[in-house]
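Engineer: Below are the features listed in TrEMBL for this protein:
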DOMAIN    71-340  domain 'Peptidase S8/S53'
ACT_SITE  ASP80  active site, charge relay system
ACT_SITE  HIS122  active site, charge relay system
ACT_SITE  SER297  active site, charge relay system
REGION    464-486  region 'Disordered'
COMPBIAS  470-483  compositional bias 'Pro residues'
Amino acid sequence: MTRPTLQDDRKVAFESFEDRLALTAQALNDLADEWRDTPIQTMAAAAASSTSEGHGWAEIAYARNEMGLRGGGQTVAVIDSGIAYDHIALGGGLGAAYKVVGGWDFAENDANPYDDGPAGFHGTHVSGIIGSSDKKYMGVAPDVDLVALRVFDDNGGGTLERVEQALRWVHDNRNTFANPITTVNLSLGTAWNSSNLPDWAVLEDEFRMLEEDGIFIAVAAGNSFATYKSEGLSYPAASQYVVPVASIGASGQFSSFSQRSDRVLAAPGEKVMSTLPDHFYGGDGLKNDMGATSGTSMAAPYVAGASVLLREAMAAMGQTNITQDVLYDWLKNTADTLYDSVTNANYSKLNLQKALDTLVGADEFGSTAADATSIGNLTTSITVSGTIGKVSDSDFFRFTAAASGQVTFTLDTIGDLAGKWQTPDGGTINGDTVTMNVVAGQSYRLGLGTSDGIGKFTIEAKLTSSTTETPPPPTTPNPPTPPALSGNWGVVSGNLFDNFNLQTPSNFYQLTAGRTGMLTVEALFSAARGNIDIEVYDSQNRLVGSSATADSSERVDISVTAGNVYYVRATGVNRDVDFRVTNLVTVSGSQVDVGGTSARDLYTWTHTGTQQQLAVNGVTYTFAANSQVQIQGVGGIDALTLVSATGTVDTITTRPGSVDLVGSSYRVSGLGVEQTNIRGDANDRVTMYDSAGVDYLEATATFVGLVGTGHQTMVEGIRNITVISQGGGDVARLNGTRGNDRFVIEQGNRTLTNSSFNLRVENFASVGFHGLGGTDTVEITGMNSNDLIYGRRGIGRYTTAAYKTEFSDIDQVLAQARVGEKLKSDVRSVDYLFRKLSN
C-alpha cells in the first residue's frame, strides 16, 4: 500500500529543491562565463607568462625529469563541460585504448561526453593542464588517464544535480577502468563566499563518500574576490570534504580575482596555455588547438595533477592507504608561506618539489664509487636497505670480506624501481643478482642505480667461503670476559632495552637466543647526538654480523640456535640509545613460524603480489611469495593485520582467537591472536564465526566488525562476507549506504547487498538494519503462520519464534508467505509499499 501523506511531503520538498537547483544552475552558468579569460590566445600569440620552454613550471619539470613521475597507473575524473578527446595532446580518441578512457554526458544523458560548442572549451582546457602530452605545453601528469563527466550543456548551462550524479558515478566506477580513479577535478562553482556551507549544499554526502574511497577532490576556490573583498570560498570549494585551490600569478602572489581561505592550496592559474576543441576557433579539421586562460579553474587541475604525482611517489616509497587527508596534509605541511597584503593573513602555496624531496629523504649512501659508504665486515650475510629517490641517483657501499670465496647479492625492490647494478670492482650481473669473487681481508664496492622509476630497495649479501677451514679470529677486539660486560640481557624473544647512555666508545652486551631462527638486533638513536654502529659475535668470539651506516638506526640479522650465547658490541658515544632485539621468526624452506612474547604483540602481514612482508612489533621481514606463515600469539592482547594482494582471490576464515588466509600458493594462519584486522581485495571471501557467548556485529559501508569477550575482528575492502553465529544471543547492527540497499530476511538468515558488500548474517538472535539513504528494500521470505510483521513510516520489525529483525529508514517491504498461511499483521498499520507474494 502507498503512503499518500508522505508522497505529498516529498513532492513539496522536491519542488522546493528544484527551485533551489534552478538558482544554482544560473550561478554555475555565470561562473563558467566569468572564468573565461577573454580573449583566449592562440599558440601563435601565446600568453606573456609563457616561455619558449612551455609553461615554465619548474617543480613539475623536477618531478618528471629528476624523479620520473608522470602519473601512470591512475585516472582523473574531470567534471566539467566534457573533453574534446580527439585532440592529439589528449590521446585522439575515446575508450580503453586512449587517454580519455570513458565517461558520461549528464547534460544529454549519453556515453559521448564531448566538449561541444558553442560554449564548450572549459573541460578540454582543464584536462590539458592535468594530462596533456604536448611536448611544449605538457600537462602536470602526462601519463595519467582521464574520464570525462559532462555537466554543462552546449550553451554552458549546468546544475548541481548533474554534478551530484557525476560524483555518484565516480564512486560507482572508481575501479571500472584499467587504472583506478584516484582524483576528481571540479573547476566550477556557485555565487558564494564563506568558510561555511550554504543551506542548499547538496553535494556533501557524495563528497564524504569519495573521501572515504580515498579519492583526492580538487575544487576551484572561486573567482569573485573583487566582488566580496573578504576571505571565503565558493561552493563546493567550501565543503570540508574537498581541497580548495586558489590562483597565483607569475609573481607568486594571489591573483586579484581569486577567492581564498586558510584551507586553500595556491597554485598557478593565470594565462595558462592548454588544449582547446577544434570548434573554438571555427574548426580547421586539425585537432591541435591551444590557448591561454586564467582562473582558479586553471589552478585546481594543477593541484589535482600534483596530487597524482605525490600519490605515485608515495606508492614508490612503499606507502599504502594513501587517502586525500594523507596527500593534503603532506602538501600543506611542505607548502611555502604566502603573505597576502589585502587580508593581512598567511596562506599556503604549493611547493611540489619540497613535498617530494621531504618524502624521499636524504641519501643514505655515497653517490659514487669513490665515496662508497662502509657497511663493515661481511662474514656470512649482511642486509642493506636504502632509497633511490631520483632517476640519476646511485647508492654505493663498501664491505670487507672476512673470508675468501664468492659473494651473492640479491636485490628486492618496492615501487616502480628497476634497479641497475654498478660493479666498479668486478662481478657478474644476472638480473636481480650479482656474484663477486672475493679475497679475505680485501675491500670491495657495489652500487645500485635505476634504469626506470624510483623506490626503496633491499640487498642481501651472502658470503660462501671457498675453504672449510675455521676462519681466524677477527682482528677487532674480542668481547671481554663476562665481568667486564656492560650488561647481560638474558634470554631474548622480543625485547626493548631502552635509554642507554653510552659514554665510552665500546660497550658489550650478552644475550642468549630463546629460539632457533633469526635474531635481529637494532640500535635506535638520534645520529645528531652521535653515531652508533653495532657488531654481533658468537660465543667463540667470531664476528657474525655488523651494521655501520650514518643513519639513526643500525640493524643486524643473523641465524642463531636456541640456548647459544651471543655478544652485541655498540661502538660510538651517544647519551640516549635504545636496543631492540627480536628472536621470534624461524624460516625453514617455505615454512615461516612466528612466535610471540608474554606482552601485547603487533603483527602485520602483507602480500604485495611478488613477495610477503611481515612486521613483528615494528620489525619488518621479507619472505618469498609462496611462503606458508604461521603466527602463534602467547600472552597479552595480540593483534594481527592481514593485507592481501590486489587482484587475487583469497579465502579467509576467522574464529575467536584465530584466522586462516589461503591464497593460490600461500597461506598465513594466526593462533592465539585476540584482535584481527583484515584488509583485502574486493574479490576475497571471508567467513567469520563468533563465540558461544554473546557477540556483537556491526557493518557499515566501509567495514564489518565482530566483537565478543576476548576477541575482535575487523574486515575492510572485501565484498563477500559471511558471519555465522555459534549461539549465545548474538546481536547485529547493519547500516546501509547512501545508495540503494537490499535487505533479505529468511528466518535466521539475513543478507544485505549494496555497492560496498554482499553480507550474509546467519543465526543471529537479533539483527537491526538502518537504510541511511537511496531506495532501500526489505524482502521477507519463508514466513511461517506464527511470524509477526509490523511496520510504520520507514520502520518495521519481523519476529519469529527464534529470531528478531528490525529495520528503519527504508522505502519498501516485499513479503512472501507459504500458500494457505496467513500473515499475523495489521495490514492497515503497515505503512510501506507492501506486497504479499505466494509461492
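Here the Cβ of each residue, glycine as well, is placed from N, Cα and C on the backbone.
The model shown is predicted, which means the values in this text are computed figures rather than measured ones.
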Engineer: Across the whole of the domain 'Peptidase S8/S53' (71-340), what does the mean pLDDT come to? Round it, please.
Structural biologist: 95
Engineer: Look up HIS122 (active site, charge relay system) in the DSSP assignment and report helix, strand or coil.
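Structural biologist: Once the DSSP labels are grouped into three classes, HIS122 (active site, charge relay system) ends up as helix.
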Engineer: Could you measure between SER297 (active site, charge relay system) and HIS122 (active site, charge relay system) for me? Cα positions, answer in whole angstrom.
Structural biologist: 8
Engineer: HIS122 (active site, charge relay system) to ASP80 (active site, charge relay system): how many Å between their Cα atoms?
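Structural biologist: Counting only the Cα atoms, the answer is 7 Å.
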Engineer: Name, in the order they occur in the sequence, the residues of the same chain whose CB lies under 8 A from the CB of ASP80 (active site, charge relay system) and which sit 6 or more residues away.
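Structural biologist: In sequence order, the residues whose Cβ lies under 8 Å from that of ASP80 (active site, charge relay system) (at least 6 apart) are ASP115, HIS122, GLY123, VAL126, SER127, ALA148, LEU149, ARG150, VAL151, PHE152, ASN185, LEU186, SER187, LEU188.
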Engineer: Hey, of the active-site residues listed (HIS122, SER297), which one tops the CB count within 10 A?
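Structural biologist: Of the active-site residues HIS122, SER297, the highest Cβ count within 10 Å belongs to SER297.
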